[in-house]
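What TrEMBL says about this protein:
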REGION    42-69  region 'Disordered'
COMPBIAS  43-55  compositional bias 'Low complexity'
DOMAIN    161-592  domain 'Major facilitator superfamily (MFS) profile'
TRANSMEM  164-186  transmembrane segment
TRANSMEM  198-216  transmembrane segment
TRANSMEM  228-246  transmembrane segment
TRANSMEM  252-273  transmembrane segment
TRANSMEM  285-308  transmembrane segment
TRANSMEM  314-336  transmembrane segment
TRANSMEM  387-412  transmembrane segment
TRANSMEM  424-449  transmembrane segment
TRANSMEM  470-494  transmembrane segment
TRANSMEM  500-522  transmembrane segment
TRANSMEM  529-554  transmembrane segment
TRANSMEM  566-588  transmembrane segment
REGION    604-642  region 'Disordered'
COMPBIAS  633-642  compositional bias 'Basic and acidic residues'
Amino acid sequence: MGPNIVDRALEAAEHDAATPISPTPTHHELPHRTSAEIERVISASSVSSASSSHSARPRRPSTVGTGIVGVGMSRVSTSRDLPPTELGRIQTARSQHSATVGRSLRSRRSRASLVKPLPPFGAGKPYPPLLPNQEDFVVEFDGPDDPLHAQNWPMAKKLLTATMLGYTTMIASFGSSIFSAATRAVATDFGVSPDVSLLGVSLYVLGFATGPTFWAPLSELKGRRLPLVASMFGFTIFNLACGTAKDLQTVLITRFFAGFFGACPLAVVAAVFSDMFDNRTRGMAITVFSMTVFTGPMLAPFIGGFMVEDESIGWRWTAYLIAIMGAVAFIIDLIFLEETYPPVILVSKAAELRRRTLNWGIHAKQEEIEIDVKELITKNFSRPMRLLFCEPIVTLLSVYMAFIYGLLYLFLTAYPFVFMGVHGMSAGVAGLTFFGMIIGQIIAGVTVLMQQPWYARKLAANNGVPVPEWRLPSVIAGGVAFAIGLFWFGWTGFTKDIHWIWPTLSGLMTGFGIASIFLQALNYLVDSYLMFAASAIAGNTFLRSLAGAAFPLFARYMFEGMGTQWASTLLGCIGVALVPIPVIFYMFGDRIRAKSAYAPTFGAGPEVAESETGDDSELGHGEKEAPGSVPRTDMDAAQRAV
């Protein structure tokens, strides 16, 4: 009897979800809201849509299954009495929930009614009746000023959290390159060639490629705090193991897992910033965060160089140093880091209310989630690969960014080749030349920050709707600067007759190019794909991490065989050949996106509420998803991705 009741309830829920609801008020009927009020948070592994109350089109509600009944998520019995900002917050939390793996009613019905029948309720009891109105038992935030919401935290608390997580992220990127200074010492210690020991760098970056597929969905199931704290613990342990390794195999294996655990802050911290900062400040916060990601690899070589040169310290302390820094981050995050992900904050609120009221029906939407392995694989692997290989924008930009990211790690070999091999510097002093690139990256970050008022004016003039192509002028300028920097480095660094300051200064151009391209190209992907931005960035991250792992392996052979000037000329020519990619998208990007099955088109076609779920069946060939409201204006995925 129980299973039949459940099946009827599921059918009723699906019928209810398909029933049209009253049209949502148009823009003219709602009070004007600035972009800062649009509480739309795109996180590392899913992209949420904002309140449907800002769309001029009726929104088809998504459905959520609890194993017994599905409920229209956009229907809130008290919604007529709530202000627009609070409606936006409610819909954001629910759309975040709808984007999380395991929330699909379809997959639950398949498991419940087709795979395994429901067991008896027990003790001879019949199944209890359904809750009178399940929506009445779902906890929400108490108005737009609810102190539980991370965006309402005091600014001092936000800055403290941002500082902690900036340090955590810097450690992860720092650890990727400090080992490059130790490769020769490791090779000597274990009796292998320096090329074999260089695998310690490549495998660490390969861990960056695989880690987000685990950490990003975990951050949406269990919140941001748990994966960040757990990953820093694992990061510390594996770096300690690397420092105490007795053979090369252990060094390489522990380096890979150190990168795997270190990938968590790169994938999750940007989402934390999006949880805390609204659209007015989010762009600046993400830009500053991204600079810690890019400058970390450039800060490490000179530190590692000086450590390796000192025989009383040795190469093992390059691993111990990272382990100590990771332990500090673990302790700080464990004690001071609070949860910022809204759906999980509501889970804690619901748990407290259940204990204090003894009303066990009270729950948060996030608690309705069940893990679906098939959906997990679809969302985190198959869809990113489809976007990577079938979407021209994702494909070409990923190739471009993979080349840039690969060269970032190729420089870890090229710089010592020039400054140690040609100019005779020690490893530590040669590492100081990376400060040219660091300064260039800082200049790029400041430039992006200075563009924020210009971007805000264009956004306001376009009624809060961003045009993705607004991001591309910086990418074009960065591409030109990067190519110039490569030619500059090659033709001033191949002979000691040219002072070492000139190849060092070339880093101003290459550093500016790297940061400009990455910051705004990732923004462009987010703005172009919205609900599927996480999948687009995941595919992009996978390809460029492979490039980052591969490029250092052939760098020495390339520069020794071709010479510094011709190797850099070849790379510079490839850089020049790739510059037209953002130019083409700047001119024809809107037309390309109009033909995409994944890029949303405003005002065209019915709105599809299932964004970034595991089911693509509702997307016909050439069909487009449109966002539920005005999209957010700032990036939170840059990171994640870096």
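Glycine residues also receive a Cβ, built from the backbone N, Cα and C atoms like all the rest.
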With the transmembrane segment (529-554) as the reference, find which of 228-246, 285-308, 387-412, 500-522 contributes the most Cβ pairs under 8 Å.
387-412
Between the transmembrane segment (285-308) and the transmembrane segment (228-246), are there three or more CB pairs that fall under 8 A, provided the residues in each pair are separated by 6 or more in sequence?
no
Okay, the transmembrane segment (164-186) and the transmembrane segment (314-336): do they have at least three CB pairs under 8 Å, pairs separated by 6 or more?
yes
I need to check the long-range neighbours of the transmembrane segment (566-588): which residues 6 or more away from its ends have a CB within less than 8 Å of a CB in the stretch?
393, 396-397, 399-400, 403, 407, 414, 469, 472-473, 475-476, 479-480, 482-484, 486-487, 489-491, 493, 521, 524, 558-559
Maximum Cβ pairs under 8 Å to the transmembrane segment (424-449) - stretch from the list 164-186, 198-216, 387-412, 500-522:
500-522
Could you tell me whether the transmembrane segment (285-308) and the transmembrane segment (500-522) have 3+ CB pairs under 8 A, leaving out pairs under 6 positions apart?
yes
Let me spell it out: take the transmembrane segment (164-186), skip the flanking residues so only those 6+ beyond its ends count, and list any with a Cβ under 8 Å from a Cβ in it.
192, 194, 197-198, 200-201, 204-205, 208, 228, 232, 235, 239, 248, 251, 255, 258-259, 262-266, 269, 272-273, 288-289, 292-305, 307-308, 314-315, 318-319, 321-322, 325-326, 329, 332-333, 336-337, 409, 412-413, 416, 427, 431, 552, 639, 642
